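According to TrEMBL:
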type	residues	note
ACT_SITE	Ser100	active site, nucleophile
ACT_SITE	Asp197	active site, charge relay system
ACT_SITE	His227	active site, charge relay system
BINDING	Phe32, Met101	substrate binding site
DOMAIN	26-130	domain 'Serine aminopeptidase S33'
DOMAIN	157-232	domain 'Serine aminopeptidase S33'
SITE	Ile146	site 'Important for substrate specificity'
Amino acid sequence: MSESIKTYHVMPEAEPFYFPGSDVGVLVQHGFTGTTQSMRELGEHLAGCGYTVYGPRLKGHGTHYEEMESTTYHDWIASAEAGYLMLREKCSQIFVVGLSMGGTLALHLAHKYPETKGIALINPALFMEALEEVAKQEEPRFLDAIGSDIKKEGVQELAYEKTPLRSIRELVRFMAETKEKVPAITCPTLVFVSPEDHVVPPDNAHYIFDYTAAARKELVELPESYHVATLDHDKELIKERCAVFIKGLTG
């Protein structure tokens, strides 16, 4: 008798979103253990500016942390790349906007596809000493969640309540691999950083800003937000600066 295969359903609000628009495409990418819910409002704003916007759901995300445990960082890359290539079929210019590990994925895409018009990184993740130490552990299988680091009261990020140890190891590998690519990235880069971030140390954003080879780059502080800044007090600033960044590069 064969083992029963678990079916995991996508949580409400964790579904991918797509808004057709101009031939300027924007890939809007959520982060590790998170969902499209954290990026939907930003995506809607950019769609309102007339751009074609796609927010993919990364494999193993938005369902159950047990499903996430069975995925690798190569799966997460594949999800983001599929979204990028889908937009490339419809649009002549592509931007990538990413939160946390979504920013890591944006860096990966900018390196693999140098024609990328620009990237906007919101509290991007490249190195986390505390997480690297956790990755060396053998147990427990699941750890308490790292999601929903938000200063604004009454706002909740839709994310897993547990994080698989195996997934943390995958993230650590992916960050280390991507960090090596930063000096080779040349596309215009907009970096947002929350000075008080309880998930990703702010020096990640400063490292990217300092070491990317982009001739055009900008660092914007988010003084009233924690890690999930797209849902926090500075979300309007993020929307505005992303829209200005894209418009400035597309005319």
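Residue numbers in this text run from 1 along the chain shown.
Placement of Cβ uses the backbone N, Cα and C atoms for every residue, glycine included.
Automatic, uncurated: that is what TrEMBL annotation is.
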Within 10 Å of the Cβ of His227 (active site, charge relay system), how many other Cβ atoms can be counted across all chains shown? 27
Secondary structure tally of the domain 'Serine aminopeptidase S33' (26-130) (DSSP, helix then strand then coil): 49 helix, 20 strand, 36 coil
Counting all other Cβ atoms within 10 Å across every protein chain shown, which of the recorded positions Met101, Ile146 scores highest? Met101
Please compute the mean pLDDT of the model over the domain 'Serine aminopeptidase S33' (26-130). 98
Secondary structure content, the domain 'Serine aminopeptidase S33' (157-232) (per DSSP, counts of residues): 30 helix, 13 strand, 33 coil
Ser100 (active site, nucleophile) has its Cβ surrounded, within 10 angstroms, by a count of other Cβ atoms equal to 31
State the three-class DSSP label for Ile146 (site 'Important for substrate specificity'), counting H, G and I as helix, E and B as strand, and everything else as coil. coil
